[in-house]
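Annotated features in Swiss-Prot:
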type	residues	note
ACT_SITE	His94	active site, electrophile
ACT_SITE	Glu166	active site, proton acceptor
BINDING	Asn9, Trp10, Lys11, Gly172, Ser212, Gly233, Gly234	substrate binding site
Amino acid sequence: MRTAIIAGNWKMNKTVKEAVELVKELKPLVKDAKCDVVVCPTYVCLPAVLEEVKGSNIKVGAQNMHFEESGAYTGEIAPKMLEELGVHYVIIGHSERRQYFNETDETVNKKVKKAFEHNLIPIVCCGESLEEREGNITEKVLEGQIKVGLKELSKEQVEKLVIAYEPIWAIGTGKTATDEQANETIGYIRTVVKDMYGESVADKVRIQYGGSVKPGTIKAQMAKEEIDGALVGGASLKAKDFAAIVNY
């Protein structure tokens, strides 16, 4: 049985003070959660948030990292810096990173490997655009992203990582993926993992849904067999909304 994982991606929101206030409010609301709870603040908020979650069931993730150990990469963060802070998870290959910052499946793969070297659990994002969806090449696109992004890993590593399926076409477009579409597509992603690493590994991999998840949609989504959690955007910025999702 896979333990559900619900992660809040705060994106470029919340000052340090606001971040601490949000976590303070969130802690008592999610203390009895049956799923793994993760918050992913900005880099500058990580130390304060890590301090605030001590003794709670909330884990902390970063939103990105570089694949090199150190060097002349102005504005970037190395994995060992996150490891030293005590960060547990790191989001890799988010659609916004791919869209605005030239993230590719190859760089995703480098980052995934490096994350494991530094005891970080990657939340690896994949998803297709509206154009790709309407061109009926969803499976081809996802297969390419997974086969490159998750290549050359050990079975043990793949079992530990989390995959987040974000249908880019359903984010901010007014179009939504039905629960059936989400379940079917996540089932397909699991099949790709099975082809690469075998059935027992695919059965253990947790795959989240990340297409505009809200308190009103989560229960039906989590009732679906293939969906193991959610990568939550805007709704994770309000403690009560995020708690409602966590306590689905």
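Glycine is treated like the rest: Cβ placed from N, Cα and C.
What you are looking at is a predicted structure, and each value in this text was computed from that prediction instead of being measured.
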Residue, out of the recorded positions Lys11, His94, whose Cβ gathers the largest set of other Cβ atoms within 10 Å: His94
Inter-residue C-alpha distance, Gly234 (substrate binding site) and the residue listed as 'active site, electrophile' (nearest angstrom): 15
Neighbour tally for Gly233 (substrate binding site), based on other Cβ positions within 10 Å of its Cβ: 22
Rounded to the nearest Å - Cα separation of Ser212 (substrate binding site) and the residue listed as 'active site, electrophile': 14
Those binding-site residues listed as Asn9, Ser212, and which of them has the most Cβ atoms within 10 Å of its own Cβ: Asn9
Rounded Cα-Cα span from Glu166 (active site, proton acceptor) to Lys11 (substrate binding site), Å: 15
Rounded inter-Cα distance in Å - Asn9 (substrate binding site), Glu166 (active site, proton acceptor): 12
Nearest of the recorded positions (Trp10, His94, Gly233) to the residue listed as 'active site, proton acceptor', judged by Cα-Cα distance: His94
